[in-house]
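K.L.:
Have a look at this one.
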Amino acid sequence: MNKVKIIGTGSYLPENIVKNDDLAKIVDTDDEWIRTRTGIRERRISEGENTSEIATKAAIRAIKAANISVDEIDFIIVATSTPDNFLPSTACMIQDNIKALNATCFDISAACSGFIYALDIGTQFIRSGRADTILIIGAEILSKILDWKDRSTCILFGDGAAAAVLKKSETEGIFATYTGSDGRLGDALECSAIPVNNPYVKRKAEKAKAVVKMDGKEIFRFAVKIMEKSIKKLLKDSGYSADDIKGIIPHQANFRIIEAASKRLNINLDKFYVNLDKYGNTSAASIGIALDEAVRNDIFKRGDKVLLVGFGGGLTYGGALIEV
Ligand code: COA
């Protein structure tokens, strides 16, 4: 089995900063409520850029950091719940933008766990010998599927993209991966697409309302439990202890979820890398953005072992223990 390493990361966030006070002008909320319930102070919201555009910018940065030629890329795997189109896939659009013409390209749908799922899929392709070099991307323009009249959801999310290049390596860089799903809880976080509407339909098509609906309390409970389970599983499978780990990059949904997980695991909160105050929940991009930011700011240095852990709509969950 081949060994795999992340050899470069990149991220991109739209320039437009929307602060909590700005949202208080749109919905009945205030900065204090949002900060104390979530930890979020501001988020980036697209002024028109779509998912493939921000994903391409993150990809170019990751390719530069990895110092590879686009011709080397065997697969482009994009995790997104907010593609530009049903067809073509976002991955194919990025392929055309960066001219990575030797790649096989496809999108995956795993909501906020998308970066972890893409990392796991890419790792398995390289392990098995099917590929040498893979570009994974998590990218979302969540703002286009938010109900901007619903104060319980529109304050939580932000737009952003992150990418990483995985490569076959002499030394191991991915010590464990873990994924899972629980479709029974799908309606706790959902956004409908378009209903069946053709000349043969027997029941009248409901008008689609493609906006996020969420049971916040259900997701909160699930997130805390699954973070604990995933981290324990990754440590067990890899044979490392929490003391061997330099830091944990959790999905950036809510600071209180991270706090609760840290308590349950008895792992110091300082070990958790948090940037949700600046970007909110960027779904499939969140873990990748945090990883890129932490590596570029030398918070995690080459050789450090870092745990990534996520959860999201589906419901989906998972994690990875990597060396940066
Ligand atoms: N501003 C002010 N008040 C708000 C508000 C807002 N933005 N959003 C909700 N409220 C109100 C509610 O209407 C409710 O009022 P009521 O008591 O008069 O009915 C009150 O605040 C408490 O709401 P509640 O839903 O109990 O708050 P909470 O402490 O559970 O926090 C979340 C709500 C959404 C912040 C929290 O449940 C959460 O973060 N869940 C996880 C969501 C998540 O991470 N989703 C993405 C996963 S990938």
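Start at 1 and count along the chain as shown; that gives each residue its number.
The backbone N, Cα and C atoms fix where each Cβ goes, glycine too.
No curator has checked TrEMBL annotations; they are predicted automatically.
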K.L.:
I'm validating the feature mapping. Which of 227-231, 232-236, 252-256, 282-286 is tagged region 'ACP-binding' in TrEMBL?
P.N.:
252-256
K.L.:
When DSSP states are grouped into helix, strand and coil, how many residues of the region 'ACP-binding' (252-256) land in each?
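P.N.:
Counting residues by DSSP class gives 2 helix, 0 strand, 3 coil.
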K.L.:
If one measures from the C-alpha of C112 (active site) to the C-alpha of H251 (active site), what distance in angstrom results, rounded to a whole number?
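P.N.:
Distance between the two Cα atoms comes out at 7 Å.
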K.L.:
Identify, in sequence order, the residues in the chain of N281 (active site) that are 6 or more apart from it along the sequence and have a CB within less than 8 Å of its CB; answer 'none' if there are none.
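P.N.:
Expected: I40, C112, L142, L156, F157, G158, H251, Q252, A253, N254.
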